[in-house]
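**Q** Heads up, here are the entries from TrEMBL:
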- 1-392: domain 'Major facilitator superfamily (MFS) profile' (DOMAIN)
- 44-61: transmembrane segment (TRANSMEM)
- 68-85: transmembrane segment (TRANSMEM)
- 91-117: transmembrane segment (TRANSMEM)
- 124-145: transmembrane segment (TRANSMEM)
- 157-178: transmembrane segment (TRANSMEM)
- 212-231: transmembrane segment (TRANSMEM)
- 251-272: transmembrane segment (TRANSMEM)
- 279-298: transmembrane segment (TRANSMEM)
- 304-325: transmembrane segment (TRANSMEM)
- 337-357: transmembrane segment (TRANSMEM)
- 369-387: transmembrane segment (TRANSMEM)
Amino acid sequence: MNVIVAAVAMSATLPGRTYGLGLIKEPLRADLGISDLRFNVLNFWAIVLGAIVVIPVGWLIDRLGTRAVLAGVTALLATSVFLMSRVTSEWGLFATLTLVRGLGQGALSVVAIALVGKWFRRRAGMAMGVFTVLLAPGFVAPIFVVGEIVKQSGWRVAWIDIGLALLCGLLPLGWVLARSSPEAVGVPADDPVADDGPSRPMTLWAALRTPAFWVYTAAATVFNLTFSALTLDNQSLLTEHGLDGKEANDLVLGVLMLSGLPVNVLTGWLARRLSLGKLLAIGVAILTASLAFFPSIASLGGAAVYAVLLGAAGGVITVIFFAVYGHTYGRTHLGSIQAAVQVLSVLASATGPVILAVCREQFGKSDTFFYGFAVVTAVLMLAAWWVRPPVVPRGEGI
């Protein structure tokens, strides 16, 4: 049941994510009289400051358990969404947006990942594969529902409805069905991994001292950086290549979804048979190919090939990102470790569109961004392939 609750919880991060805020951005700006540039500046700093919320949440997960923290974070996020629906000033928007970003995109995401990671270790890859497949309808369906409410009743009503869904839906669901760990309910723990991780759980500070942590995290955060930049400005990037921006954008988004789902399942299956580090390297190699290919796009067919590559890369990297930390460093301190990674991931996502905008302004087009990050990801691919997970003898403290 934890996998299902985790998928619902991750889907419920919608108000704190860019695509969720995109549903209300224009009517909200018109309502409050805020320019597009000003909103983007507020949003950037809301992401940066909101990331601070994530660190104590990871610490609390390790001490109180995922069930209690899920209830607390859900209640706080619902309250923040309610408050945001009532804002009448720029500063009120900034304060509530910071809370919604931090609790939604940051804290609730960490709790959702921990719900699965704290339960599984040997089978973490397969569990995360199922988790990511369940996320597809969980991400897509609310977009249409919330979009229709915004269209019919306005952004404030839509935000109130989301707050009610969190308070009356996710909160009781999580409390009734979620469990913090197998040991908490007397169930035998998932078998330990014999050859692909430490013999004992590692703390956050111990994990930070291992090369594997930084290689895994760099690969995942660079993917988030590039993916956030490309999906946010996808339409204008495709127009830059002489395509009908809206038509090509719809095609790319559809192909991204269709290509990512089967790769999620395949990666989950392969995670029982291959090293997670090598699987991550394969995902980063596909990402490198997609970045290097984009500047040559000149047709809808080329856009579709690019989308298949990017979707497949995301399918691999996402599953490994969710699974690798618990698999490699154990479950005991997973909340703190995953929280630290989430902070870096969120900051990378916020930085990506800025780097892309600077490249386009300085060089007149986006090719420098694509080729530059293709080189970066090629280096990370080699690092992920060769890095060894930490091994700690049973007799030594960590």
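Using the three backbone atoms N, Cα and C, a Cβ is placed for every residue, glycine included.
Can you tell me where each of these features sits in the structure?
**A** Under 8 Å from some Cβ of the transmembrane segment (44-61) lie the Cβ atoms of residues 16, 68-69, 72-73, 94, 97-103, 105-107, 110-111, 114, 118, 204, 334-340, 342-343, 346-347, 349-350, 354, all in the same chain and six or more residues away from its ends.
Beyond its flanks by at least six residues, the transmembrane segment (91-117) meets 2-3, 5-7, 9-10, 12-17, 20-21, 28, 32, 34, 42-43, 45-47, 49-54, 57-58, 61, 66, 69-70, 73-74, 76-77, 80-81, 83-84, 124, 127-128, 131, 178, 322-323, 325-326, 331, 334-335, 338-339, 342-343, 346 of its own chain at Cβ-Cβ distances under 8 Å.
Here the transmembrane segment (157-178) has long-range neighbours at 1-2, 4-5, 8-9, 12, 14-15, 23-24, 66-67, 70-71, 74-75, 77-79, 81-82, 84-85, 115, 146, 149-150, meaning same-chain residues at least 6 beyond its ends whose C-beta is under 8 angstroms from one of its own.
Residues 125, 216, 219, 223, 226, 237-238, 241-243, 267, 270-271, 305-306, 309-310, 312-313, 315-317, 320, 324, 366-367, 370-371, 373-374, 377-378, 380-382, 384-385 of the same chain lie 6 or more positions beyond the ends of the transmembrane segment (279-298) yet place their CB under 8 Å from a CB of it.
Below 8 angstroms of C-beta separation, residues 113, 116-117, 124-125, 127-129, 131-132, 207, 216, 219-220, 223, 227, 230, 251-264, 266-268, 271, 276-277, 279-280, 282-284, 286-287, 289-290, 293-294, 297, 334, 337-338, 341 of the same chain, each at least six residues beyond the ends of the transmembrane segment (304-325), sit close to that stretch.
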**Q** Ranking 212-231, 251-272, 337-357 by the number of C-beta pairs under 8 Å to the transmembrane segment (124-145), which range is first?
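**A** Answer is 251-272, with the largest number of Cβ pairs below 8 Å.
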